[in-house]
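Undergrad: Dropping a structure here in structure tokens format, bear with me for questions.
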Amino acid sequence: MESNDSVMRSKGFVICTLVLSFFQFVIAKCFEKASIAFLSLMEGLSMKSTAEEQIATFDQLSTHWWEPTGPMILLHKLNKLRVPMVVEGLIKAGKLDRKQRYTTDALKGLTVLDVGCGGGIYSEALAKLHANVVGIDPARHLIEVAKAHAHKQTDIKDRCQYYEQSLEEHWQGAVGKYDVVVLSETIEHVVDKSTLLKHVAAVLKPGGSVFISTWNKTNWSWLLAVVVLENIMKRLPKGSHDYDQFVSPEETEAMLEAYGCRTIEQRPFYLKFWESEWVWVPFNSLTYALHAVKE
């Protein structure tokens, strides 16, 4: 009996040892995975990209630019807000009749410059409302994608022109040329924002409008853009946003005013990231759209 008890105790000890070893292994692996994830997140949060690196990052995504559910899904979804804001803003500025709000040619006869046009998602949406759109972007492959996609759209291809240029390269040959300038998700990628907006004012006609959408400079915007969308949910290219380059609406308004552009509307919006939907909201801590008119 004592021998049997001893054997049973030995078996129990071996089983307990094996179970304990198994749990130690599982805990160690979990800790390893958590450590890798944490270090990856920290690396992403500390990543600082130069303007050239950000251009290269977006350039690499050029082949996926027109996939509605691909990596540029948030830009496709943003048209739901930014296109109507242009029409409504021009009505408020007295450039369009209120009856044109829902017409299919609401922007007919207007010249629009899309700064940082990428692959043309915003440009084409404005051209579909019969605007004559010029899109500029320093990313060569994106301009190629924009040209190729517009060429396939028989209803708008004659109203979309694209150039591989920065605004710094474009503005001198376009002083006072445009009725509208749009900068959507662009200004936060530019270091010298004051010079950018100076050139925007220069290419606008008197009474012309500029529409800007971008990230506010708050802790909440950093948390959503950099932590959640770039490093956790992977909805934005990693390293594509630098909090130091975010700009508050007050700063944007002040720079525009310095160059003779008066802000007439500023609207905050928000990403319901669990649905990939942008919505207008009453709080201004994340993203905002702004409309200013050149006096």
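From the backbone N, Cα and C atoms, a Cβ is placed for every residue, glycine too.
Because TrEMBL annotations are produced automatically, they should be read as predictions rather than curated entries.
Look at TrEMBL and you will find ARG82, GLY116, ASP137, SER184 tagged as S-adenosyl-L-methionine binding site. Residues or ranges marked as Mg(2+) binding site in TrEMBL: GLU185, GLU188, HIS189.
What's the neighbourhood like for each of these?
TA: In the structure as shown, the Cβ atom of HIS189 (Mg(2+) binding site) sits within 10 Å of 19 other Cβ atoms.
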Undergrad: When you measure from the Cβ of SER184 (S-adenosyl-L-methionine binding site), which residues in the chain that are at least 6 apart have a Cβ under 8 Å away?
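TA: In sequence order, the residues whose Cβ lies under 8 Å from that of SER184 (S-adenosyl-L-methionine binding site) (at least 6 apart) are LEU78, ARG82, ASP114, GLY116, TYR122, PHE211, ILE212, SER213.
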Undergrad: For the C-alpha pair, I'd like the distance in angstrom between GLU188 (Mg(2+) binding site) and ASP137 (S-adenosyl-L-methionine binding site), rounded off.
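TA: On Cα coordinates alone, these residues lie 14 Å apart.
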